[in-house]
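Peer 1: This structure is in structure tokens; I'll ask about it shortly.
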Amino acid sequence: MIKSFFNSYKSRISLFLDSTTKLFQSMPSWQCYLIVGLFMFAIAYGFYSRVVISFNPVTFADDQIRDATEFVNMSRGMWPTLGPIVTVGDKFSYFLPPIFFYLIFPFTLFGNTPNMPFIVHGVLSFITLFLFAKVIYLLFDKHPKPQRLLFTALAMAWWSIFIDDIVNTTFAWNPSSIPFFLLIFWLLSKKILDAENDTLITWFFFGLVSSILISLHTVTLFAIPPVIGILVINYWIRKVRSKEWGRISMPGVSLIVFALLFLPYVDYESSTGWINTMSVLSAVSDTTGGTSTSFLELLARVPADYIIMMKTSYYKLAAADLFAGISLLVSVIGIFIFKGNKSLFASILLTTLFYYIVASGYDGASRSRYQILSWFLPIITFISVLSRVDLKKYLGKYILLVLGISVFISVKVNLELGLNYFTRSYGRDSLISTNDIRRVLEFVPDASGICYQYDPYIDLGKPLGFINEAVTQTTHGFSMNCDNMDYLLYPKNIAIVNENLSTRKNHIPAPKGPVKVLDTDSYSLYRLKTRR
């Protein structure tokens with residue numbers, strides 16, 4: 001049985017390689033080199049920016065420490081019934097479902113290090129490149145295969161350098177896996193809408209992925225459920241019309257999965273009078289405008305919010321307004337002239353639309369991590385317009401020029417920011433990482449007093465305290481005041497609190513009297529006094 005399974009996949013791989021070889025042989029050599037080059041660049045850049053960087057994180061505070069503390073508690077047998085806390089402006093505060101904690105916790109058992117969640121999300125973000133490639137390839141299925149491959153390679157390369165996804169992956173845990181699960185959600189939605197292979201397995205994974213997606217962030221909690229509702233209603237209508245009565249109950253599989261995953265949350269809420277759930281519902285009502293804002297008024301805000309997203313995510317420069325405006329026009333045109341798989345495109349548009357309905361009533365929507373559900377649409381619509389350009393006409397050439405300049409500017413800005421961001425983790429301009437902190441805490445004698453310099457961007461006291469207690473399990477003391485301290489942890493580089501994600505040399509001179517006992521590109525450790 002196992003042998004036949006492997007033989008089956010071996011034959012599929014062989015068939016895929018043969019068909020791919022024939023396809024490349026039918027294309028011009030320049031197109032082959034371009035496609036292969038874009039794929040190789042996307043994979044190499046994506047792997048370094050997401051996986052390699054995640055092995056040496058330099059930011060570990062606030063939400064990350066909160067979640068890491070939860071993982072430590074889970075390893076001690078304390079199972080959460082509520083997820084991360086959320087604050088919506090000054091009005092509402094509530095907890096997300098705890099599914100995120102249960103999703104990541106098993107991976108933290110592989111090593112006593114705060115880096116493991118970073119690595120998990122880095123790997124998920126890297127896999128997202130391939131999922132997005134599949135989405136693009138399936139999306140433009142009405143075009144010849146050589147064009148589809150070129151569109152896929154372009155999209156994958158553009159997404160690989162998208163700095164907001166890179167920063168999000170190594171900085172904010174629970175929202176950073178949204179792109180991974182969102183793309184799977186869209187692929188499963190396509191199967192359901194196309195009525196292709198909508199088996200029990202399809203509905204099982206649809207329920208699983210939907211449950212995870214809803215629990216990751218406020219935006220997904222608000223925007224994904226109505227999309228699910230529309231998909232299921234559409235499925236029911238089609239099955240009733242075709243008189244496939246036996247398949248009407250298929251969404252029940254997703255409902256069962258959903259109920260099982262939310263069981264800890266439901267058990268807790270039933271004992272507290274559903275206080276948290278009522279807070280969530282109040283926040284949803286307020287965010288979507290309640291009774292004071294009409295649906296048309298919310299829709300009218302979409303263009304402005306879309307431009308904000310393009311300015312803050314794709315074009316982070318002085319001329320961002322111009323290119324964001326062009327992108328809005330391109331996206332509108334791309335939606336109307338789209339030629340491809342309408343089921344998959346409908347799922348993408350529905351998700352993006354409900355995100356903007358939520359964003360239009362939410363004050364924090366201009367923050368990058370709140371825009372994740374809309375990140376993919378600009379790339380998709382740019383390719384939609386590109387796919388319909390007729391280069392035999394002058395207008396087509398002008399459109400291609402505008403598209404090319406817009407994409408070039410976005411890529412240039414994101415690449416520059418990416419290179420700046422990479423220097424934070426590796427090289428002579430790197431910041432103090434969690435690995436550095438662990439090394440310092442293990443190097444000095446137990447119960448030492450360690451002082452550190454204030455950094456306006458990264459508070460070293462927080463990772464020092466957590467790693468001291470949960471990882472190295474030492475009993476050191478920490479302070480920014482070096483009086484009566486045994487060691488000084490001196491950062492050689494300081495993060496610059498602005499949009500270019502770079503670092504600068506520490507302007508406070510290093511002490512000359514104390515003995516330097518450790519020295520790296522990112523820090524020096526000085527012994528202030530000899531312990532007896």
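Every residue, even glycine, has its Cβ placed from backbone N, Cα and C.
What you are looking at is a predicted structure, and each value in this text was computed from that prediction instead of being measured.
Found this in TrEMBL, in case it helps:
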type: TRANSMEM; residues: 30-48; note: transmembrane segment
type: TRANSMEM; residues: 92-111; note: transmembrane segment
type: TRANSMEM; residues: 118-140; note: transmembrane segment
type: TRANSMEM; residues: 170-188; note: transmembrane segment
type: TRANSMEM; residues: 200-233; note: transmembrane segment
type: TRANSMEM; residues: 245-266; note: transmembrane segment
type: TRANSMEM; residues: 314-338; note: transmembrane segment
type: TRANSMEM; residues: 344-365; note: transmembrane segment
type: TRANSMEM; residues: 372-389; note: transmembrane segment
type: TRANSMEM; residues: 395-415; note: transmembrane segment
Peer 1: Are there residues at least six beyond either end of the transmembrane segment (118-140) with Cβ under 8 Å to its Cβ atoms? List them, or say none.
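Peer 2: Sequence-remote neighbours of the transmembrane segment (118-140) are 42-43, 46-47, 50-51, 53-55, 57, 104, 107, 147-149, 151-153, 155-156, 159-160, 165-166, 169-170, 173, 176-177, 179-180, 183-184, 186-187, 190, 339-341, 344-345, 348, 376, 380, 383-384, 387.
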Peer 1: Would you mind listing the long-range same-chain contacts of the transmembrane segment (30-48), meaning Cβ under 8 Å and 6+ residues beyond its ends?
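Peer 2: Residues 24, 125-126, 129, 146, 149-150, 153-154, 156-157, 159-161, 418, 422.
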Peer 1: Under an 8 Å Cβ to Cβ limit, what residues of the same chain, 6 or more beyond the ends of the transmembrane segment (92-111), are close to it?
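Peer 2: Contacts with the transmembrane segment (92-111): 67, 70-71, 74-75, 80-86, 117, 119-120, 173-174, 211-212, 214-218, 221, 261-262, 264-265, 276, 279-280, 282-283, 286.
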Peer 1: Near the transmembrane segment (170-188), which same-chain residues lie under 8 Å Cβ to Cβ, leaving out any that are not at least 6 residues past its ends?
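Peer 2: Distant contacts of the transmembrane segment (170-188): 50, 53-54, 57, 59, 63-64, 67, 83-84, 96, 100, 104, 117-118, 121-122, 124-125, 127-128, 131-132, 134-135, 138, 202, 205-206, 209-210, 212-213, 216-217, 219-220, 224, 344, 347-348, 351, 369, 372-373, 375-376.
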